[in-house]
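Below is one structure, written out as structure tokens; the observations come after it.
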């Protein structure tokens, strides 16, 4: 039936179908498949499908496929060029596979259940995005529908309603939760009540789900009742009240459960309750109860019933159900479970029944839980009392009737319990009688059609028929409103009205409900007689029919299809009678809660005969619901279940298409098609079809006139031109596309012709250039050959000339050789003389080396001796120090004496070793002196011999010069040579003897050295022992001081006047006070031949006391300081004066070393008062500079000394003595101080204030950026004659730059440390990065080429600002924009279709997540060049890599706290020199602050 709706559209499209067209054809499995037309034979069309098979279809059953639809589909299906059934189905399917589960059809939202968690779609950030956004501005979402309803209610003062429908498992309940969550967020109260209305509304969902939801075949959490939540708002738009209306609870499920379904959740939760609750209610495993074990499904995967029980109890407390009422509710639930285990057997009489022996315990437990009489409960189940005018008759029931009575009691009790819970929630939340505006959320069951359809399906489908009638009327109204808004001419649209089906069901006389009520009033009526009555009465109604193979079923032709109902249970389920015995039994219960569930009937005996049925009550409720909806402005959400497997990423075409038909979506499309189904904005229309008449576009600058002229030029009739859109009849879009295809085809032919001509000409030019090049190469080769011959002739002449020259030179060389030989013979004689002279030089070098070695060994020995003497001196000094420090020790005198004896013994041993070592050194010195004398004598003889030899050599030289040289026969003075030779031999023997003596001396020296090293080692061991004794002595002194301090404390507590001992003060005096007695100059340390122990200056008790005490400042001084620094005292040498002044005063007053002082508290209060004005950035920057500088000085000077801590006594080193007294002025300005707890606490408070001021400044900048960022994200658009979009340069990015410059100038004027400025700007750029990047992956309009160019220009301005600001203040701010820079870079790439996934993930956008890649690729669009996004293979690769996590948004730091590292602060201020900083001038005039001068 629905296929015929589009037949006329398909017929019009068929006339334009040609070979090569891409069309949709019907398929029995996939519903619709696409393919290419390969043959057209009249009405028959042969299509080659993409699946591989060939199909022959009628033209009336084919639809054109829009090839320009993006791979990710469109947000609003009314913008599809071809609005037909396969196009709608394909759009939903393509969006579903990329997790875009929401799609608009006009103002109707279609939600496809993803069957997986998508938490990123419903967080607070998404709520903030949709707040105040127009419908359609952002991606489709339930938040957008809720926001539109809320805004319309506030602006127009009209109540709204949101209707959520769909079949079981489609996600209606979750969607309704999201709607109420958003409305509660929008209408939440500012004050924090104990239980706000919005909290109670939200927490009512888990309570109602526990008692009204169950697992069905299609859904694990199916609502078995309808729910309409009315949320009331006051005049300010805040929630002021709420009410919950429920419809048609499925009572039969309490007693009958099909496999693999479950009963209501509350039963299983109670069986999983804590042991004490189960023991109290006598519950065991759920498989032991008949009402639960009818199905094998007891537990749900991923659901912990024990945790759900706890959550339900908490939710019940929030909605106003106290603990006592909760206990009573679950007592009733447990009683129903025990009641179901009661079984009956035949009693003493044939038609009587009694409980079986096994069931009596359950009867007893049920009576205890109901708090009624056990026998009365048994009689109410097994007997009936009939009252006649004459007498009262008691009639027994057979076992079957007793079982039915038991089930009726269970259903009756559960129904009353559910109604009580709903009323309790309503009473607890409360309704606002003064409220005029409300938003209703209807969570209602969708159209149902199963193999077996009973009374519940009949009522559900009746509800959907009524809602469909309301829905169709509203859709038609919206369609006509748009026509009126666009001011086009239109005629009345005819649409199918299902009022005839409603009359069939609801007609007062002869309707199905009327006939059903009539049958229920007669006791002897059965479902067969009821069915026969239906056949006789409604046989002529075309919407009613009787199945051929059934005698009791009937079929109704609903708007969504034919449904066959089985009448077997209709009569029983329609009866709403109350058994008097049950009413009396439970009304008399001793439990006030249970008795309250069954109040006595107020009707008299005459009114009891009036019949009331479930169908009639439901009909009245439904009429009341529709009447309430008619007074509101409706909004529709249609939920679709994509598959029956309840698994993600599976989209079943047939199943989804049937739900779209049942949900009225296809009917909406048919109503739209009855008028003008295709509507395009002027710019979109001109972008697509402007090529049909480009001349008209060039002449016209008016979009409307251009569209009209274009349509008239192509000869299209029946169109309408509105104010902003072009309206086309069905089939006209296909005709325009055919014209456009023809124009593109002709243009392609021209382009090919031009291109082929270009290729041919290029080939000719290439051949001509090649011929010219070949000729040139040949001519060059001939010329080179000729040149080579000429070069060879010239070379031959040169060779001949060179040969003649060579022969002449050879002759001259022979003559020169003879001359050289004569000179060489003379040279040989001179070489012999030089060799002897060299030997003499070697001997001299050996002697000099020997002297140097002896000198080195002498120095080494002296150094060892000096070191030994120095270590002994230090040991003796430490011994004297220990003796002096232990002089006043009385209690530990014995220990000291024993230690002193050990020290003396070790000292004696050390002195003995030293004396032995000195004796050895003396003997070695004497022996070395003898050897030295011998060596000097030998050297003296050697010198004399050398002098004589030199004289003889000189004489020989003179003689040689006088006597002429005989050629080739040298004359040698043999006598002189023999003399020299003998002298040389003597010298050699002398040197040999000296070397032997030196070797012996070295051996003795090595033995002496070993002995000395052993003795030195023993001396070091002795020193270690002395150090250990010194440490032990120090520990004893510490214990002694603790004892003395305790004694002093006890004396002070007893005596009125405190007594302070000088010794205690002396012992607690820091060691640094004694350093003044050490060396003060380098001369005093190095004077004299020996090192002497420095004198020790003992201080008197009064001096020590004055140095260690804290100078308490007068209150007037503190007030003067605070009054002075509270004002802006400015800066000196680029440093804050206030911070330096405070530090100097605290240092002088010794407040850092005080155990108790209130100065720090006064300063903290002063800083807190100074920064109260959070909007004044200049004041905040001034105090940020002061607090950070003061924190730096405290960090540099304060040391955690603790209370009563004693510095570790160390042996003073030579370096410390030498450097004592030499300090720079900067070191005097900031010097180390042993801080106490108040000072350390003040330092922590100061650090907190620095972070607080940083946070306030960042918060001010954040507010300023947020106001401008929303305008910077999307490029403004304008239209020009050629329908291209151009960018108008806006100043929004410049506003950001100016704001950053202003803040930077303020911070620099206050000399704020650069590291703090870097942190502020890093946070600012991080905010820009998060906002812009998130907008690109959430808003389709922003993810475009034109917007990428706009954002690129803004990023260039920010980069220029960072470069001008320099790294000192900007830091790594530019790196914070890495996500945005990569995303914008991707948008500006032209050939995205050729990019692979690896290039995107590794090269283009390495810092973006896979979900963000996916969003950018699917949302991208190009309005200028119409370039495509990435290929489907890349999309498929991303889909395969993506995990279940859908978190594609960057996280924004919502806190305003900027963490501070003191180390970073100190490193940035290491070059601070405070020596030249001037204190506050106002204090310089005060005599109390004379120390500041």
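Cβ atoms are placed via backbone N, Cα and C, with glycine included.
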> What range among 448-472, 473-497, 573-597, 598-622 does Swiss-Prot describe as region 'Actin-binding'?
Replying inline: 598-622
> Can you check which of 399-433, 504-538, 679-713 Swiss-Prot lists as region 'Actin-binding'?
Replying inline: 504-538
> Ranges 372-395, 540-563, 732-755: which does Swiss-Prot label region 'Actin-binding'?
Replying inline: 540-563
>> Can you tell me how many other Cβ atoms are located within 10 Å of the Cβ belonging to residue 220 (ATP binding site)?
In response: 18
> Three-state secondary structure of residue 223 (ATP binding site) from DSSP?
Replying inline: strand
> Other than its close neighbours in sequence, what residues sit by the region 'Actin-binding' (540-563), given a CB gap under 8 Å and a spacing of at least six beyond its ends?
Replying inline: 1, 447, 449, 453, 457, 461, 464-465, 468, 496, 498, 500-501, 504-505, 512, 527-528, 531, 534, 658, 661-662, 664, 667
>> If I take every residue in the region 'Actin-binding' (540-563) and average their pLDDT values, what number comes out?
In response: 91
> Across all chains shown, how many C-beta atoms besides its own are within 10 angstroms of the C-beta of residue 169 (ATP binding site)?
Replying inline: 23
>> According to DSSP, collapsed to three classes, what secondary structure does residue 172 (ATP binding site) have?
In response: helix
> Hey, of the binding-site residues listed (166, 226), which one tops the CB count within 10 A?
Replying inline: 166
>> Summarise the domain 'IQ 4' (813-842) as counts of helix, strand and coil residues per DSSP.
In response: 30 helix, 0 strand, 0 coil
> If you run through the domain 'Myosin N-terminal SH3-like' (18-67) with DSSP, how many residues end up as helix, strand and coil?
Replying inline: 3 helix, 31 strand, 16 coil
> If you draw a 10 Å sphere on the Cβ of residue 223 (ATP binding site), how many other Cβ atoms land inside?
Replying inline: 23
> Sequence gap of 6 or more, C-beta under 8 Å: which same-chain residues meet both conditions with respect to residue 172 (ATP binding site)?
Replying inline: 164, 165, 166, 223, 443, 444, 445, 446, 639
